[in-house]
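Taking it in order: structure first as structure tokens, then the write-up.
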Ligand SMILES: [Fe+2]
């Protein structure tokens, strides 16, 4: 088999896998539920579905394939920049049956395009890039749809086995040596524009938590009055916490002296050794200050995840260059919660940092900017329009993120007040001179 054929097969398999996920998330509920808005923060699921098809049509059918439009009349409805999520239910959207027919028709044409176009000679298709971009787009919406399921009111409709058991991870913190390392990538075929180019970045020596902050540790912060003591909060964080009446992570419920967590329609006692999830940036920042630490910068996070001190090289993933398997990380909605600390010893980084990929997105203290040498590709609305101090960078993916849509260079971003995403964090701190002996 030629490598082009292998690449086509790989693309086809990834497209099919993404679609199976979209179908599972939309077939899990009835038509009423598909067109309903479960939260002002989210689109109706039926919008996501047709939007997935529309992006696929724009890039792969029309642009890469040079074909006639399937439905040029609906482009405007599914342009995420034209209509805020809150108003999408009022649009004359395709109904569930029509949306399903539409995405199926687009996909049939895309498979035909995939058979015929060369996957080289043009930057948009080199290494299957545009197809990879669309696979990631669908998977990103599948994670968004999972977040909609989390916000949905009603009995559980999604089911998955529990994550693997936790285990020991060694010391609570890992020392990351100071100095340069390679950040970002210029060689990863499906990396998006904001991950590029590879460049040298520098850190001072620092400590980073071996594992994400757990529910148990976070509950101690609450019990210690963390939400009522402005000392731990930034000015913006405190103002937001007061205005939004924050008292605990979203979806936490207290009964007597016990915490419970509501997840996908079921309420269960909080699992102490799972990473905390559904906290906003400001809560993460406050916890870190209470713990005598801080959040890692994005540069520090990536160094902890990729830098191999033995070779000086940066890896694609903490465990090496191979694609994630079930042994490496909690990804792909295989489980519907973060896994306990220590559940993925095979996924640790060379320095011994655990669960950087999967489980929970991790807030960093960094604003979202382009790297030096950043070039828009292939469209400014993917990331460039979001650059600036409004957004904080999140890293590493969650249990809801597909392996195709995350790697150690992958950058996500959101407003610091957002809690519906599957986000947690870990802490870092500067290394004191006497700790470096
Ligand atoms: Fe989108």
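Each Cβ is built from the backbone N, Cα and C atoms, and glycine gets one as well.
The Fe cation binding site feature in TrEMBL is assigned to 51, 137, 141. Cβ neighbours within 10 Å of residue 141 (Fe cation binding site), excluding its own Cβ and spanning all shown chains: 24.
Annotation for residue 418 (gamma-L-glutamyl-L-cysteine binding site): same-chain Cβ neighbours under 8 Å, separated by at least 6 residues, are 41, 280, 281. If you look up TrEMBL, you'll see 85, 86, 87, 88, 414, 418 marked as gamma-L-glutamyl-L-cysteine binding site.
Residues or ranges marked as domain 'DinB-like' by TrEMBL: 14-145.
Summarising the annotation, TrEMBL assigns domain 'Sulfatase-modifying factor enzyme-like' to 171-429.
Averaged across the domain 'Sulfatase-modifying factor enzyme-like' (171-429), the predicted model reaches a pLDDT of 98.
Ranking the binding-site residues 51, 85, 137 by the number of CB atoms within 10 A of their own CB puts 51 at the top. Listed in chain order, the extra residues whose Cβ falls within 8 Å of the Cβ center of the Fe cation site residues 51, 137, 141 are 48, 52, 55, 138, 140, 144. Residue environment of residue 88 (gamma-L-glutamyl-L-cysteine binding site) contains 20 other Cβ atoms, counted within 10 Å of its Cβ in all protein chains.
Other C-beta atoms found within 10 angstroms of the C-beta of residue 414 (gamma-L-glutamyl-L-cysteine binding site) number 21, with every protein chain shown included.
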